Every structure is written in structure tokens, then in C-alpha cells.
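Participant: Residues annotated as transmembrane segment in TrEMBL: 21-40, 46-68, 88-106, 112-129, 136-153, 159-178, 190-211, 217-236, 248-267, 273-296. Annotated domain 'EamA' per TrEMBL: 28-152, 162-286, in sequence order.
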């Protein structure tokens, strides 16, 4: 009995890391998919995507100024500057592409295509990070991707500029996740600061080029975009610093719940039957995968 208890205690740290990582990722999805996306969709009708991204970065930078001062010594001791720079570039391309896509396509279409990112992330984690992914996770991820295709529907997402922009966001977003995972030894605050500063620098020129005057009341929404995005970024970094990317990637599909709720309650977007079916396929696939791995672990523990 004692031996079994000791064995369970040895397994707990890794399981606790996975649970904590999933918790941080869910908070990120609530802040970004549930809050920031709604504000971007509403404001994207009036203001260009580059302007929104730039303002989001600048506002985020203001919020973390105390952290910059507090960790100023660590800023000068960045362990992997070039990898951080590559991560920032990938994030900038992914975020700007996503903002552009939201202005070009319906919210459901943007997010449905975007939900292929966890599958791309899982594949990249295997090849670039050497992470091991069980066949159950592969099957679950593939079934979840089928759910994404059902959400899109036959002929529901024509290959146009908007869809291509979403695909660009998917690829570069997955690359950014892999770099975040590879930089797990880097200080979380340092990574967040570099991301925010880099995002502002990269988007400054196109933002100025396409700038439109901001109405006084709209600054409230733009301020909220920056705050929610910054809080979500911190949760995201914490999640991928704690848990394996291959564990967190399938959980990313759950953001479809937040997006569907936003579309329904704020923009009167009533999901079609195929959308509900696709969401059901995604959720069942994820739960079945988690249950299968749980049973497998139990069986191995009895041997």
C-alpha cells in the first residue's frame, strides 16, 4: 500500500503541472477569446488592424512599466535574445493576421479555421522539441480537426484572401507557441516585456501609415483590448512554461466555447446545426482522448 502511495506521489508533480498549465490556458482563452476578440471585432469596423495591434501593444507596455523597472536587471541578462526576437516576429505576424481576418470574415469562420493551430502546434512540438505524443492524442487531435472542418462546412469557407490570412496566423501562431515552449527557462516577465515592446516596434510603421483618428469614447474599448491582451499573454506564457505543448495543444480547441458565446450574446450570431455538430465532435474527441490516456495510465500502474 505504501509503495502504491509512493508511486502516486511520484506521478503527482507532472500531473499537477499539466493541470496548472491547462488552468492558465483556460484563463488566457477567457480573456482573449472571450473578451479581446469581441472588442476587436467591434472596433475593427472603424479602425485598421495595424492600428489596433499597435495601440494594444502600447497600452500593454504602459501596464507593465512597473514590471520593467522591477526586473530591469534581468532585462540585461536575456539568455536567448535571438530566439526571443524570432518569437516576437512570429507573434506579431500571427496577431496582425488574426486582426485583419476578423475584419474580412465572420467571427465563426475566422475562429473555425484558426482552431487548426493546436494540431499544427502538436506536430511542430514533435519535430522541433522532441516531445512524445501518444497515438490517442493524435487520434483525438485529428478527430477534433474533423470537427473544425464540419464547422466550416462544405463551401462555407472559400479560398479567398480572408481564409489565407487566417492560415498565415495559424502557422506563425504555432511557431510562436513552439518558441515559447523552448524558452521555458527564460523569465516569464522578461518574455512578456520583449513581446510587448517588439510588437509595438514591428507594427509602428504600418499603424502610422493607416492611422485613423480615435473617437474619445472608443479609447475605453481600446484600453480594454490592451489590458485583456496583456493579462492573457501572461497566462499563456505561464501555461506553456509549466506544461508540455503537446498536452496543452488539444485544450486549445475549447476556446470555441468562448467564441461561440461571444458571437451569440454580443453579435446575434446564432450557430447553425453543423456548427453545433462540429463543436460536439471537437469536445467529445478531447474528452475521449483524455479518458483513454487516463485508463491507459491506470492499467500501466497495475502492472
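First residue shown is number 1, and so on along the chain.
Cβ from N, Cα, C; glycine included.
Tell me about the surroundings of these features in the structure.
Facilitator: Proximity of distant same-chain residues to the transmembrane segment (21-40), defined by a Cβ-Cβ separation under 8 Å and at least 6 residues beyond the stretch ends, is recorded for 52, 99, 102, 107, 111, 221-222, 224-225, 228-229, 231-233, 235-236, 238-240, 242-244, 247-248, 251-252, 254-255, 258-259, 261-262, 266-267.
On the 0 to 100 pLDDT scale, the domain 'EamA' (28-152) averages 84 in the predicted structure.
Taking Cβ pairs closer than 8 Å, the transmembrane segment (46-68) reaches residues 40, 75, 92, 95-96, 99-100, 102-103, 189, 192-193, 196-197, 199-200, 203-204, 206-207, 209-212, 214-215, 218, 222-223, 225-227, 229-230, 233 in its own chain, all 6 or more past its ends.
Sequence-distant contacts of the transmembrane segment (88-106) (same chain, six or more residues past either end, CB-CB distance under 8 Å): 37, 40-41, 44-45, 49-50, 52-53, 114, 157, 161-163, 165-166, 168-170, 172-173, 175-176, 179, 194-195, 198-199, 202-203, 269.
Secondary structure by DSSP for the domain 'EamA' (162-286): 105 helix, 0 strand, 20 coil.
Residues of the same chain lying 6 or more positions beyond the ends of the transmembrane segment (190-211) and with a Cβ under 8 Å from any Cβ of it are 48, 50-51, 53-58, 60-61, 64, 67-68, 71, 74-75, 78, 84-85, 87-89, 91-92, 95-96, 180, 183, 230, 233-234, 237.
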Participant: Counting Cβ pairs under 8 Å that sit 6 or more residues apart, are there three or more between the transmembrane segment (273-296) and the transmembrane segment (217-236)?
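Facilitator: Not in contact, no.
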Participant: Grab the same-chain neighbours of the transmembrane segment (112-129) for me: Cβ-Cβ under 8 Å, and only residues 6 or more beyond its ends, written as numbers and ranges.
Facilitator: 98, 101, 137-138, 141-142, 144-145, 148, 151-152, 157, 163, 166-167, 169-171, 173-175, 177-178, 181-182, 244-246, 249-253, 255-256, 275, 278, 282
Participant: Quickly jot the same-chain residues contacting the transmembrane segment (159-178) by Cβ under 8 Å, restricted to those at least six beyond its ends, or write none.
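Facilitator: Beyond its ends, the transmembrane segment (159-178) has Cβ neighbours at 87, 90-91, 93-95, 97-98, 100-101, 104-105, 109-110, 113-114, 116-117, 120-121, 124-125, 128-129, 240, 245, 249.
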Participant: Within the same chain, where does the transmembrane segment (248-267) have neighbours whose Cβ lies under 8 angstroms from its own Cβ atoms, ignoring anything closer than 6 residues to its ends? I mean 6 or more beyond.
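Facilitator: For the transmembrane segment (248-267), the list is 21-22, 25-26, 29-30, 33-34, 37-38, 41-42, 107-108, 111-112, 115, 117-119, 121-122, 125, 137, 140-141, 144, 147-148, 151, 177, 239-240, 275, 279, 282-283, 286, 289.
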Participant: How do the residues of the domain 'EamA' (28-152) split into helix, strand and coil according to DSSP?
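Facilitator: Split by secondary structure, the domain 'EamA' (28-152) comes out as 104 helix, 0 strand, 21 coil.
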